[in-house]
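A quick write-up on the structure given underneath.
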Amino acid sequence: MGSMKPVKTNKAEEPELEPLCCCEYIDRNGEKNHVAACLCDCQDLDEGCDRWITCKSVQPETCERIMDTISDRLRIPWLRGAKKVNISIIPPLVLLPVFLRVASWHFLLGGVVLTSLPVLALWYYYLTHRRKEQTLFFLSLGLFSLGYMYYVFLQEVVPKGRVGPTQLALLTCGLFLILLALYRAKKNPGYLRNPASNDRPLSSGQTECLTRKGQEKTKGFPGTESSGSLNNRTLKDEPKGSSRVLVGSPTKVKEDWCAKCQLVRPARAWHCRICGICVRRMDHHCVWINSCVGESNHQAFILALSIFLLTSVYGITLTLDTICRDRSVFTALFYCPGVYADYSSALSFTCVWYSVIITAGMAYIFLIQLINISYNVTEREVQQALRQKTGRRLLCGLIVDTGQYNRGFLRNWYQFSTLGAHPFHHPAEDIV
């Protein structure tokens, strides 16, 4: 009985945590806060506004603190506490409908807006790529574009009576298949875990948490990179803590030690500098799914691209056939007289051109993927071969054959079709 008294004392001394209501949350300082107080007690924001009003420059560190504060306080009420909303998902939800509706006022405005949208997207991509940060901007843009195009199709195209129930059902099925393929592609791409750690696989939430912690450690220090800065390395700039291990002969599996993840990487695996974790047979980090494309999700990624291209082309064809009758699809795309006389037709025509731009970009990615699969190379291996000036370049660099894993067209596609079927695990003891 005497041994149980300290236990009771400890339980009495531990403060009981009060449950959070739907509008309360624990902020980044570990303090309880309320959604209604999102604009209160923000010294950085007040200082930034004062300097902006007085036409004084705002320091970059102040801007970063303001963005961190906004991202921490931007929450929505939820059960057991308010949930944080990633600020990068908001711009597409607001700007895309506004831009497309403005572009439908006149064909000159349409040309300016539809030209500026890809430029802004590329600028934001290079900005986040240089800072090596994850972003939900492109995933939000892609999903909202699908939803908004389908909404405009239902509201503006279907009521005109040229689209039958079967055609609408096919388009709807294509949309759902795209979402299912994207859901599968968003799953674990083949993360490599340290054998000494827990045997449970990392979830997507745990991976994002590790990435965020790695970025916070390097934030604010010039010249440093976030976790996973080994993605685009060459042999001459490998870190001192990294060493390559060749097993047997050059024809056997080549492994190397990852100093970031503290594990042995099998052949063709790589450390993603954005996700902050090693990925088995990593192809590239895709911003459209905010995840890596690796051994376990490469097939789903290709499936999502193919279904999207077929559905998009079908939707564009149905829309042009409705608003520009008695003309071929290619002719109607460039010459559709009177389309701007009606706002409904003008909005549909603008959305068609927006879909054409997106479809063209995805078709280029799909073509590159098909070529790489046919030559059994990953995008990372292609970029490394271009930097090191190795491999054969065909069609002005569109095709890069490293020759290392190329076993012929049919064998290459057979290997791709069986990715992830027989995972080959390498224990950490191999490096000893």
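A Cβ is built for glycine as well, from the same backbone N, Cα and C atoms used for every other residue.
Residues or ranges marked as compositional bias 'Polar residues' in TrEMBL: 195-209 (among others).
Feature annotation from TrEMBL assigns compositional bias 'Basic and acidic residues' to 210-219.
Under the heading compositional bias 'Polar residues', TrEMBL lists 224-233 (among others).
Sequence annotations record features per position, and here TrEMBL assigns domain 'Palmitoyltransferase DHHC' to 254-383.
The region 'Disordered' feature in TrEMBL is assigned to 194-242.
Panel annotation: around the transmembrane segment (85-102), residues 67, 70-71, 74-76, 109, 113, 117, 135-137, 139-141, 144-145, 148, 347, 350-351, 354 of the same chain, lying at least six beyond its termini, place a Cβ under 8 Å from a Cβ of the stretch. According to TrEMBL, the feature transmembrane segment maps to 85-102 (among others).
Beyond the ends of the transmembrane segment (108-127), by six or more residues, the same chain brings 99-100, 102, 135, 137-138, 141, 287, 350, 353-354, 357, 361 to within a C-beta distance below 8 angstroms of the stretch. Marked as transmembrane segment by TrEMBL: 108-127 (among others).
Annotated transmembrane segment per TrEMBL: 136-154 (among others), in sequence order. Under 8 Å from some Cβ of the transmembrane segment (136-154) lie the Cβ atoms of residues 86, 88-93, 96-97, 100, 121, 124-125, 128, 171-172, 175, 178-179, 182, 287-290, 315, 318-319, 347-348, 351, 354-355, 358, all in the same chain and six or more residues away from its ends.
Annotation comment: TrEMBL describes 166-183 (among others) as transmembrane segment.
Under the heading transmembrane segment, TrEMBL lists 300-320 (among others). Listed by sequence, the residues of this chain that lie at least six past the ends of the transmembrane segment (300-320) yet keep a Cβ under 8 A from its Cβ atoms are 149, 153, 157, 162-163, 167, 170-171, 174-175, 177-178, 181-182, 184-185, 187, 286, 289, 293, 327, 329, 332-333, 336, 348, 351-352, 355-356, 358-359, 362-363, 365-366, 369, 373.
The transmembrane segment annotation in TrEMBL covers 352-371 (among others). Taking Cβ pairs closer than 8 Å, the transmembrane segment (352-371) reaches residues 100, 110, 114, 117-118, 145, 149, 301-302, 305-306, 308-309, 312-313, 315-316, 319-320, 333, 379, 398-399 in its own chain, all 6 or more past its ends.
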Composition by DSSP (helix, strand, coil) of residues within the domain 'Palmitoyltransferase DHHC' (254-383): 73 helix, 20 strand, 37 coil
Mean predicted confidence [pLDDT] for the domain 'Palmitoyltransferase DHHC' (254-383): 90
